[in-house]
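Read through the structure below, which is laid out as structure tokens, and then see the notes.
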Amino acid sequence: MQRAALFRAGDAQMAAGDLGELLVPYMPTIRVPKSGDRVYKTECAFSYDSPDSEGGLYVCMNTFLGFGREHIERHYRKTGQCVYLHLKRHVIEKVPGASGGAFPKRRNAKLFLDLETNSDLNSDEFEYEDEAKLVLFPDHYEISLPNIEELPALVTIACDALLSAKSPYRKQEPDSWEEELQASKHAKTLVQLDNGVRIPPSGWKCSKCDLRENLWLNLTDGSVLCGKWFFDGSGGNGHAMEHYKETGYPLAVKLGTITPDGADVYSFDEEEPVLDPHIAKHLAHFGIDMLQMQVTENGLRDNDIKPRVSEWEVIQEAGVKLKPMYGPGYTGMKNLGNSCYLNAVMQAIFSIPEFQRAYVGNLPRIFDYSPLDPTQDFNTQMAKLGHGLLSGQYSKPPMKAELIEQVMKEEHKPQRNGISPRMFKAFISKGHPEFSSNRQQDAQEFFLHLINLVERNPVGSENPSDVFRFLVEERTQCCQSRKVRYTARVDYIMQLPVAMEAATNKDELIAYELKRREAEAARRPPPELVRAKIPFRACLQAFAEPSNVEDFWSSALQAKSAGVKTSRFASFPEYLVVQIKKFTFGLDWIPKKLDVSIDMPDFLDISHLRARGLQPGEEELPDIAPPIVIPDDPKGIYGLFSHVFPFPSNVDESSVMQLAEMGFPLEACRKAVYYTGNLGAEVAFNWIIAHMEEPDFAEPLVIPAFGEVASSGAAALGAVGLDNQPPEEMVAIIISMGFQRNLALQALKATNNNLERALEWIFSHPDVEEEIEPVLDTMDMDNNANANILAETGAEGPRIKDGPGRYELFGFISHMGTSTMSGHYVCHLKKEGRWVIYNDLRVCASERPPKDLGYIYFYHRIPS
């Protein structure tokens, strides 16, 4: 059937009995939305089409997924689903009445779609009208609604339920986030021990391990402990939960989230985030004066408005008439409520050709091989977002006034510019406690979260995140023995410290601070802001200088000693991301941002930071580690796979030390090296990433007796390969059980290469084998291509794109506000030889790009 025929209206209207008879074969496929079902009636799963679009939106009456006109055929062919609810919003012209006024020309009595109105239209001349129809494929029969008397009761109920269903993003709405949090039953009667504990404003570390992130302060005894691991690799070793099980102390606050507006509090007893109405009093017990912080924060906002507004004005280029930009690559993104960090990062990401090719270039293949629910597929959502930003379909100039009347008669409405990334944000933040909230976030943390997901979801023969990856050589020296150790690690961001001591306007800063204090004491308006001017070369020098290593254990001395560490580039990435470390905590516990101006260069040469390895005359530290602690009562021992994957009788201590110096718990490093058969630090590193969320992650290594394998031995087979390809040993085990290779690969990929979970996955998905065969064939081709690239480069470790260390600036993300937990982000990108500012939905040519006030900078390599 030709496409034109497919989208023509149905033939003659049918009688009531005929309609009922027509729908009988499709009744088993029509469902009534139940509580918990997500109904996508405002946005296409593959594009940003909506009922506002020219072709309207088709909602599947079985899966409740929405599809634009360009994608409805794909879903019909893939699923065989024939019944869809077609939703369309019309823009109609008001007809003048007899009195000279205007009255609406209506076909429906009300607006029933939860959509925003188009500000391009004058509400005095135009209005909206919503329309719903049942459409039967493949002949495209249309049944207008409402049609209660003629349709079967089940169909009528299903249509009504679908039209009245709430947004699938309801939990993402700003107001609902606050409504979900309830006051803890322990807040009012919480007992706090008078043990003299005082918490410093920085330098926190888990009291049971060496982790320094995702730390929680127990509000009863003041213990600082790490949280659990999350699916994306962030988190801790679960010591905060262990402490609760041992003591019963129920409430903890996350360090780093304390602001004048409150803090993140979790109740272990109630097993959910909660509100603590007495949080200020509870924090003051441990020396954290939240009330004073509130006063100071209010003082900054109320009295120092001029400096704060100055920052906002400069970065957003306020006061300058900016020319709007339209077309491919100039599409804005709606702010969903503190989602500007996501908007800024994604605009920068999709300005990079490698990401454009990976997702937009492969868009047809990605969409064709997407799962039955494309809203839950990372690559589908990335391709959808990339196409939305780059196609120009959602970035068209306003229509001229004289053309509007003609367009309205054709029932085509002016294009609403920009896209709303609700579906993308809902998926990419799923399971993450911070990004799934409606609070402001750190753009740098979101960038790394995105890269983690890109790494875990390969899309083709070349992973686009390779352009950011580089190797860092770390030289650690024992200050007493003068011996050294060289290790390498993977990184994606160059973090530059702010060298405040190198400010070139120190006299002006001192004078400004005196005037500011005098004005504050006299209750006068503050003086004009003086911003510290920091030379970029000073920040680069601070990055290159040695730093002290806390809790350094010297293998030469067999004891703790003073140590220093120096970092250099073992490889230079294709795209260099530079973060200026502006955010810190003051001694008074107030989170603050260093308000500085840094003369970031348009052209950057860091060739002098190239690593050189062990130098003549240097002596390496011995590969010796502290003794292994083996408990008297080993737990969870079995030998299920010892005949397939034999484990070594000893541990390669050099690999252990390399991992430990990266900040991982020592016992976890031992287990990683042991369970990967002493294959080296890189393979062990991947084991760590795959097993971070396990409750016994940091427990001591238990070396089993002959014929036995420690409990995580089976999981050790799940070490994630650097190319994301499941280990052949694990694939062979599943195949030996009678399953096909394609199914084994899919199960292992779906479970992070965990053999036990993969087997459970296979038994819980009995019908998936036929569905995945064509997809896995393509994945195999892609992975073979990956292997070929690695072979060509001779690399056995992480894939890198080394080259000269000379770069040119092409973009930067700026932050306005006092901390990463508040404020606003915008992005500047250089396109077609000119700078463009991306401020959520507003995309304009930049007149004065504030390159000195950025937070994250993007450089691309200059070809030799």
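Cβ from N, Cα, C; glycine included.
The feature domain 'UBP-type' is assigned by TrEMBL to 182-290.
Per TrEMBL, Zn(2+) binding site is recorded for C206, C209, C226, H239. The 10 Å shell around the Cβ of C209 (Zn(2+) binding site) contains 20 further Cβ atoms across the protein chains shown.
Residues or ranges marked as domain 'USP' by TrEMBL: 331-862.
Among the features that TrEMBL reports, active site, nucleophile is placed at C340.
Across the domain 'UBA' (650-691), the model assigns an average pLDDT of 78. As annotated by TrEMBL, domain 'UBA' applies to 650-691 (among others).
Positions annotated as domain 'UBA' by TrEMBL: 725-765 (among others).
Listed in sequence order, the residues of the same chain lying 6 or more apart from H824 (active site, proton acceptor) and placing their CB within less than 8 Å of its CB are W312, C340, H815, M816, G817. What TrEMBL lists as active site, proton acceptor is H824.
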Hey, of the recorded positions listed (C206, C226, C340), which one tops the CB count within 10 A?
C226
Under the DSSP assignment, what numbers of helix, strand and coil residues are found in the domain 'UBA' (650-691)?
29 helix, 0 strand, 13 coil
Could you tally the C-beta atoms, other than its own, that fall within 10 angstroms of the C-beta of H239 (Zn(2+) binding site)?
22
I want the residues beyond C206, C209, C226, H239 whose C-beta is within 8 angstroms of the mean position of the Zn(2+) site's C-beta atoms, in chain order.
S207, K208, D210, L211, L215, L225, G236, N237, G238, A240, A698
